[in-house]
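Quick look at what TrEMBL lists:
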- A:Arg6, A:Lys7, A:Ser93, A:Gln94, A:Arg95, A:Gln157: substrate binding site (BINDING)
- A:Thr62, A:Gly63, A:Met64, A:Thr65, A:Ser93, A:Asn122, A:Lys189, A:Ser214, A:Thr219, A:Gly272, A:Val273, A:Arg274, A:Ala293, A:Leu294: FMN binding site (BINDING)
- A:Glu158: Mg(2+) binding site (BINDING)
- A:173-335: domain 'FMN-dependent dehydrogenase' (DOMAIN)
4 protein chains.
Amino acid sequence: MKTPSRKMDHLRITLLQDVEAGSTWFEYVKVVHRAAPEINMKDVNTEIEVFGKKLKAPIIVTGMTGGNENAAKINATIAEVVEELGLGMGVGSQRAAIEHPELAWTFKIAREKAPNALLIANLGAPQLLKGYGIKEIRDAIEMIDADAIAIHLNAAQEAFQPEGDLDFEGLISKLAELIDSVDKPIIIKETGAGIDYDTALMFRDIGIKAFDVSGSGGTSWVKVEMYRALEKGLEELAKAAEWMSDWGIPTAAAIAETRAAAPEATIIGSGGVRTGMDAIKALAMGADIAGLALPALKAAYRGKEELKKYLKAMMISIRAAQFLTSSPTPKDLKGKAVIYGPLKEWLIERKVYDLWLGSWRRTERI
Amino acid sequence: MKTPSRKMDHLRITLLQDVEAGSTWFEYVKVVHRAAPEINMKDVNTEIEVFGKKLKAPIIVTGMTGGNENAAKINATIAEVVEELGLGMGVGSQRAAIEHPELAWTFKIAREKAPNALLIANLGAPQLLKGYGIKEIRDAIEMIDADAIAIHLNAAQEAFQPEGDLDFEGLISKLAELIDSVDKPIIIKETGAGIDYDTALMFRDIGIKAFDVSGSGGTSWVKVEMYRALEKGLEELAKAAEWMSDWGIPTAAAIAETRAAAPEATIIGSGGVRTGMDAIKALAMGADIAGLALPALKAAYRGKEELKKYLKAMMISIRAAQFLTSSPTPKDLKGKAVIYGPLKEWLIERKVYDLWLGSWRRTERI
Amino acid sequence: MKTPSRKMDHLRITLLQDVEAGSTWFEYVKVVHRAAPEINMKDVNTEIEVFGKKLKAPIIVTGMTGGNENAAKINATIAEVVEELGLGMGVGSQRAAIEHPELAWTFKIAREKAPNALLIANLGAPQLLKGYGIKEIRDAIEMIDADAIAIHLNAAQEAFQPEGDLDFEGLISKLAELIDSVDKPIIIKETGAGIDYDTALMFRDIGIKAFDVSGSGGTSWVKVEMYRALEKGLEELAKAAEWMSDWGIPTAAAIAETRAAAPEATIIGSGGVRTGMDAIKALAMGADIAGLALPALKAAYRGKEELKKYLKAMMISIRAAQFLTSSPTPKDLKGKAVIYGPLKEWLIERKVYDLWLGSWRRTERI
Amino acid sequence: MKTPSRKMDHLRITLLQDVEAGSTWFEYVKVVHRAAPEINMKDVNTEIEVFGKKLKAPIIVTGMTGGNENAAKINATIAEVVEELGLGMGVGSQRAAIEHPELAWTFKIAREKAPNALLIANLGAPQLLKGYGIKEIRDAIEMIDADAIAIHLNAAQEAFQPEGDLDFEGLISKLAELIDSVDKPIIIKETGAGIDYDTALMFRDIGIKAFDVSGSGGTSWVKVEMYRALEKGLEELAKAAEWMSDWGIPTAAAIAETRAAAPEATIIGSGGVRTGMDAIKALAMGADIAGLALPALKAAYRGKEELKKYLKAMMISIRAAQFLTSSPTPKDLKGKAVIYGPLKEWLIERKVYDLWLGSWRRTERI
Ligand SMILES: Cc1cc2nc3c(=O)[nH]c(=O)nc-3n(C[C@H](O)[C@H](O)[C@H](O)COP(=O)(O)O)c2cc1C
Ligand SMILES: Cc1cc2nc3c(=O)[nH]c(=O)nc-3n(C[C@H](O)[C@H](O)[C@H](O)COP(=O)(O)O)c2cc1C
Ligand SMILES: Cc1cc2nc3c(=O)[nH]c(=O)nc-3n(C[C@H](O)[C@H](O)[C@H](O)COP(=O)(O)O)c2cc1C
Ligand SMILES: Cc1cc2nc3c(=O)[nH]c(=O)nc-3n(C[C@H](O)[C@H](O)[C@H](O)COP(=O)(O)O)c2cc1C
């Protein structure tokens, strides 16, 4: 039972160690205040409709866990809270339960505790490449009666796992084959290293309509694997992981790259989202939903109330920002970011700046 | 008597807590020294005429208080000092006295102690939207025989008040109706989050000719409300406020945005003005007057002499800067700022850079 | 005898207090290494000819003192060292000796101890404007058999002296009248706030061929006067001076501004030059000579050997840099600076960047 | 026997003192992650062919030592490790052994311990200019059966050696004469101050096809000589060296300058390469091989295992980066760097930015 034990390592390490690295580059984003917003707060609506569900605010807890008892408890806590607040959540990779059906309850508990909330199933790209197909995808969705399924890209993590799945070739064509047979939306999801323009473009071209960018600046899976490598005495691997722990595209840049490649897609802006201000910046950079994982895990570990308070503060922040930027809906926050420093230099160097400014930006003044 | 008690909270918190957040971006402004200024200090005139009054220097204390005994004492102290120095001041929101005429004396005391100084009346935009009209505006002006009236925009603060007035819709049209019936100049005034280009433009279009930009980098009303929320046990609200305490447009940018939108307007550059150098930079960025609140409050609290010394040092600074930049009048400081870093990037991103350079800038060399 | 006592204050304060402020912006300058310099160190010649004298290296100690016994000792020490090393020096303002001829020996001692070295006489612009004319200029030159005379601009200092001379009007025309009657070169010299493009241009237009830019980032005379004001109990003046102690144009920018305005002039790059690397950067930015005051004062105070070591290390630095940049003469260092950050932004904002690149820059590649 | 003793000073100082200065500017480089790399790790090949040898990864230890017993031990350790790992190494300057053949064994030991690895011979440019010719070059190559020979440029070091060889004139023409008679590739190698565009161009023009840029940000030979000067009581020299210890072109810029000048050349990116991430950035900036000296020396001093672990971690890093950027070969990393800040400003100021982007950069989007 290798997967479950690795999953337990992960929970333990992310809870006890410093697993964050790099920067989201949100420090190079400001959202433009409107002194006279000409709006009534009662007309500010933070709700969004996404994947067939209505969310009270554009916030989700992204997929983390499942597969063991502790994980089930965490899934239950998160589920109760998002149900209560009208938000959404993902579960962690369901591979363990696919391979060991007796573990399915640790995921199903999410739907039990959250009968109405948006739930996102989760499988890893490496599994698709090692034989998983339409059956497993359907199983994963059905297992939790999911509203969508995230296929996670975690190449950076796999590269630093001694037991890593290191074949990422053919994923696009594999997905291209499957996509029409899956009746729930497929979300292409990174896990902390960020989606780049080219990757987003390739997936958009085969019909993918949703992305979770999960950029760098928050939880670093390279760093998590560094701790595991150290525990296993794999010094060279640990050293390489330490050196590369801030690998990836900072979240603010990843949102812009993905938005530039897929102007119509549903984009979850995540990776290092820690405060309400981060969430607002993610939305203003072009995300439809802000996502977070690690802080939700830590809060859930301290209890349901902690998590509720934390997410509520995020909801209040977004409502306030919509009010203060004259944005009746969360979508209206888009294009209200002003960027500078390395973030702007990056977008220009990458030739995505103009594409990103794209359609939503206010037209030139004169 | 809700308003007065809230006002007392505000005084207490701003005096005892750290209520400042973010940056004015004045650190990205330098004023150009003229080694041979070709001017005689005796020809340097720091006086300006504004709102029908003559000021000995382009400095005012912006509106803060009134409505209770302590507030009255502070108003009195500030009034005595500005009268003596030939400067100007605003009073805090007069809503309390409009609703409880027995409190009017706490505002009137300003005019008593400052029979000749520039005095600015003050009402909040939310009140206008909740029924105040020409009558209340006139009452406020008459109450202190004001030379102008500031209508303050404090959406950011209201958004974090549990009891916040959250309807900002229709302000422009409401003011458009009133404007011709008010025989004193109306100043559109922010309270620490900064006036943006679009807001300034809308007000200019209905005939507003004066603005107090009150940008971010000084007193943060979001942060003040954080303390109040904490005291009331509103943890989520407090957390959201903490996260967003540097919300707003940095003062240096706000001055440029407002000047770009209203090249002919009278602009008060305020929000985080703490030193003479800040005041000089505000003027060089395009303000006609530098304004400050919190440091004047703190000085006034320590006594009249403290405030006088502080404001005198500001006057000396401005005089010196005019001399050293060959500026016979404060107006001549305009366009003598060189900007860089995020401030310049902001103005370019916002498409206000060229508008800001506008008319006053020296023409091309060669 | 007001002047001498003020001069003693200055010596005491600059020796005992921290009188430096701001930055030279040399941190935004790099000088381009040539890996294969294709030069023999024996063909590297650090000598320059300037004001009719030959210097062993392009380094001078700029004018500081005179007028009392301590000052005389310092002048003597500096003179002995520059004579021995083949460098140059200026004396401090000779006003005291013009007005009190019995003090002339405190300046003359420089020529006694340095019979061959480059010596620069010194008078203040304010004196010219208060009646000094051709006679006093000649007296000052003759007093020390000077090779040139610096007319110093110290408006920033005067502005913060309670007894300041605050008339700077008419200096250009006054100098225009005098210039043909003075048979030694006149150097327009700042004193720590930097010469700007416009000032340099005006002086160039009346025939001035030499400048000492003395920019900000080193000794701040505003800060020196802050200490004096504090000692005199002038709190407001001290506060204003504290706020404005980094007033001025950073040395790196001042060199570029002056060079842009006067491509053919002899330029002394000074103000905050502390290390050999600073001196090299000053030369690469376009100065002909690097100048320094405060560190020479401090070294001289500790004795002749200290100063000699210090200046020798500077000479070694310049020789090394010429070698490593394939520069047979100091002039060849010009145009070998690469600039970035605020310094480059400043030059572009000021529209002097292209003028500065001017004639010496290598032509476009391709 | 002057050279060997100096060489012992160098070993001692570099091992015991802080001899690093400045920055590589790698902090202004990011390598672009590909979330869906569409590659199988088993198709990632880190091998390169260079100078007729195959390396398991594009990493070499650049030349450091020889000439005494300790040096021999270090050469042996490094040789054993690179043989085992399939990497390459250089030896230090072989001048000592050319002049004292009895010392040749201290270099030969490298080939004994590394019969198959890439070995690079080493002679200094100053020696070529003082009489060394084709004979000595052949001797150096034969001595260790080298695959290539590095001619090192160390003008910055020589400039701060009391006994420095300071004639660098005629190197190009001298090499131009020799080049056809040397049957192994000649590498023009800096030693910590970086190769600039002009130098690279000159060498390319005479037929040089390989460069080791060895930029600033790592070991500073100016700083090393500072310690030696201090030990010898040469205070002025030491002070000058201290001031100039960060002299040179930062490694990231040096790689770009050299690549811009010699698009087809084999380039070793070295100077301050400390981590696997640095090595990756060097390759992404346009180097073919990453080189490092000081950290290898320190590791070798602690023993063979230490060095092996260190270099293995580097190999793992590069493999991971190739995987994560979809780069089947190390060459494919080229052009996958995004640069910003001073590094980008430098390249633009130097007019090498467009040349650098050159051929490998992806063409415009749209
Ligand atoms: C304990 C833990 C387990 C995770 N497991 C998964 C997973 O199974 N599948 C997945 O797509 N992402 C997983 N993630 C990644 C998160 O969904 C998220 O993309 C990443 O942590 C970055 O967000 P953060 O900085 O807010 O933590 C996990 C994260 C954590 C902290
Ligand atoms: C204690 C206090 C009370 C204030 N009350 C008012 C007010 O009633 N009306 C208003 O327009 N602004 C009010 N302000 C805002 C100030 O006028 C000013 O815009 C803001 O504090 C930013 O300036 P500062 O950074 O110099 O404090 C108040 C400020 C303080 C510190
Ligand atoms: C003690 C002292 C006295 C000075 N007196 C004069 C003076 O009389 N005339 C003058 O032109 N500059 C005078 N200066 C200014 C210096 O020449 C120089 O321009 C300034 O100090 C900046 O250089 P630094 O940063 O190397 O000190 C004086 C400087 C010092 C430290
Ligand atoms: C102890 C030591 C001795 C060196 N000796 C030589 C040498 O003889 N020839 C040479 O080309 N470079 C020599 N170098 C320079 C290195 O090859 C390298 O270019 C430089 O140290 C910068 O790389 P680093 O920052 O990784 O140390 C030496 C470096 C060290 C640390």
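Cβ atoms are placed via backbone N, Cα and C, with glycine included.
Taking the features listed in TrEMBL, we show where each one sits on the structure.
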| residue | record | Cβ within 10 Å |
| --- | --- | --- |
| A:Arg6 | substrate binding site | 14 |
| A:Lys7 | substrate binding site | 24 |
| A:Thr62 | FMN binding site | 30 |
| A:Gln94 | substrate binding site | 29 |
| A:Arg95 | substrate binding site | 23 |
| A:Glu158 | Mg(2+) binding site | 24 |
| A:Lys189 | FMN binding site | 28 |
| A:Thr219 | FMN binding site | 24 |
| A:Val273 | FMN binding site | 32 |
| A:Ala293 | FMN binding site | 26 |
Rounded Cα separation (Å) that holds between A:Arg6 (substrate binding site) and the residue listed as 'Mg(2+) binding site':
12
What number of additional C-beta atoms lies within 10 angstroms of the C-beta atom of A:Gln157 (substrate binding site)?
24
Give me the mean pLDDT over the domain 'FMN-dependent dehydrogenase' (A:173-335), rounded to a whole number.
97
So, in DSSP terms, is A:Thr219 (FMN binding site) helix, strand, or coil?
strand
Measuring CA to CA, name the entry from the binding-site residues A:Thr62, A:Met64, A:Glu158, A:Lys189, A:Ala293 that ends up nearest A:Ser93 (substrate binding site).
A:Met64
Consider the binding-site residues A:Lys7, A:Gln94, A:Arg95, A:Gln157, A:Glu158 and say which one has the Cα lying nearest the Cα of A:Thr219 (FMN binding site).
A:Gln157
For A:Met64 (FMN binding site) and A:Arg95 (substrate binding site), what Cα-Cα distance in Å is obtained after rounding to a whole number?
12
What is the total of other Cβ atoms whose distance to the Cβ of A:Ser93 (substrate binding site) is within 10 Å?
27
Through the lens of DSSP with three states only, how would you label A:Thr62 (FMN binding site)?
coil
Give me the Cα-Cα distance between A:Glu158 (Mg(2+) binding site) and A:Arg95 (substrate binding site), rounded to a whole Å.
15
A:Met64 (FMN binding site) CB neighbourhood, other CB atoms within 10 A:
26
What whole-number value in Å do you get for the largest C-alpha pair distance within A:Arg6, A:Lys7, A:Ser93, A:Gln94, A:Arg95, A:Gln157, the residues recorded as binding substrate?
17
Residues A:Thr62, A:Gly63, A:Met64, A:Thr65, A:Ser93, A:Asn122, A:Lys189, A:Ser214, A:Thr219, A:Gly272, A:Val273, A:Arg274, A:Ala293, A:Leu294 binding FMN per the record - widest CA separation, whole Å:
22
Report, in whole Å, the straight Cα-to-Cα distance of A:Gln157 (substrate binding site) from A:Ala293 (FMN binding site).
16
What binding-site residues in A:Met64, A:Ser93, A:Arg95, A:Gln157, A:Lys189, A:Thr219 place CB under 6 Å from ligand 1?
A:Met64, A:Ser93, A:Lys189, A:Thr219
Whole-number Å distance between the CA of A:Gln157 (substrate binding site) and the CA of A:Val273 (FMN binding site)?
20
Need the DSSP three-state call for A:Ser93 (substrate binding site) to compare against my parser.
coil
Where A:Gln94 (substrate binding site) and A:Lys189 (FMN binding site) are concerned, what is their Cα separation in Å, rounded?
14
Tell me the coarse DSSP state (helix, strand, coil) of A:Val273 (FMN binding site).
coil
Spatial neighbour of A:Lys7 (substrate binding site) that is closest, considering only the binding-site residues A:Thr62, A:Lys189, A:Val273 and their CA atoms:
A:Thr62
How many Å lie between the Cα of A:Thr62 (FMN binding site) and the Cα of A:Arg95 (substrate binding site)?
16
